[in-house]
Amino acid sequence: MYSKLAFLLSILSLHILTASASDPDPVQDFCIPNTELGSTTTTRFNLVTCKNPKEVSPEEFVFSGIKSPGNFSDTGLSAISVNPSVFPGLNTLGMSFVRADLKVGGINAPHFHPRATEIAYVVKGKVYSGFVDSTNRVFAKIIEQGEVMVFPRGVVHFQMNIGKSSATIFGSFNSQNPGTHRIPNIIFGSGINDELLEKAFGLTLEQISLIRRKFIFHKKQGKS
């Protein structure tokens with residue numbers, strides 16, 4: 001009896017942990033934030049009041065901000081993230097998306113999304129795309145126009161344009177706030193102790209300082 005109860009409790013605990021790691025289920029068809037009433041901040045969320053559905057227009061479910069690329073970084077990447085803060089129609093729907101453009105030879109440096117799985121659809125171009133799982137195995141492939149690749153939640157993934165023209169990728173996430181942690185920025189742009197990095201990567205303090213200056217400069221310029 002005890003073993004059965006322990007088993008049921010373990011399954012229930014797993015279900016609760018899984019549910020709490022995802023976006024909450026909506027309790028209405030949609031919730032366009034009523035910005036005039038502001039929001040209430042709790043320990044985990046900003047709670048916003050929804051507009052009266054009768055006051056919502058079709059335009060609030062349409063977004064036109066990804067018709068063309070944004071500004072490009074030094075790595076040849078332009079990324080326009082679309083979430084409820086810029087597209088209120090997404091609020092409470094548990095999803096967000098991104099338009100990414102890569103110049104020839106451009107890269108989307110290794111990064112991960114702690115709160116979402118991503119599906120990447122190649123609109124145009126030829127992209128070396130992949131991820132690394134928890135056993136350090138690389139799953140990588142060249143994908144072209146019309147093909148899709150999925151990146152499981154929380155795993156490091158990357159992309160590089162290997163074609164002879166620019167590439168465009170449309171990424172979709174199963175969270176309205178997937179989060180993005182870029183590995184180079186985390187390691188060299190966050191203030192981790194230099195001695196630790198020296199021992200971890202076999203670099204000299206001078207080399208670490210040189211790399212750090214690059215990320216500090218980009219942070220001041222508002223780049224990623």
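Cβ atoms here come from the backbone N, Cα and C positions, even for glycine.
Summarising the annotation, TrEMBL assigns Mn(2+) binding site to H111, H113, E118, H157. Marked as disulfide bond by TrEMBL: C31-C50. Under the heading domain 'Cupin type-1', TrEMBL lists 64-209. The signal peptide annotation in TrEMBL covers 1-21.
Apart from the site residues H111, H113, E118, H157, the chain places the Cβ of F112, A116, F131, F151, V155, V156, G171, P178, T180 no farther than 8 Å from the centroid of the site's Cβ atoms, the recorded Mn(2+) location. Taking each Cβ in turn and tallying the other Cβ atoms within 10 Å, the top scorer among the disulfide-bonded residues C31, C50 is C31. Shown for the domain 'Cupin type-1' (64-209): DSSP residue counts in helix, strand and coil, namely 22 helix, 59 strand, 65 coil.
If you take the C-beta of E118 (Mn(2+) binding site) and look for same-chain residues 6 or more apart in sequence within under 8 angstroms, you find V150, F151, H157, G171, S172, F173, P178. Residues within less than 8 Å, Cβ to Cβ, of H111 (Mn(2+) binding site) and separated from it by at least 6 positions along the same chain comprise V156, H157, F158, T180, H181, R182, I183.
In this structure, the CA atom of C50 (disulfide bond) is 27 Å away from the CA atom of H113 (Mn(2+) binding site). Rounded to the nearest whole angstrom, the C-alpha distance between C31 (disulfide bond) and H113 (Mn(2+) binding site) is 25. In sequence order, F151, R153, G154, F173, S175, P178, G179, T180, H181 make up the list of same-chain residues 6 or more apart from H113 (Mn(2+) binding site) whose Cβ falls under 8 Å from its Cβ.
When averaged over the domain 'Cupin type-1' (64-209), pLDDT in the model lands at 96.
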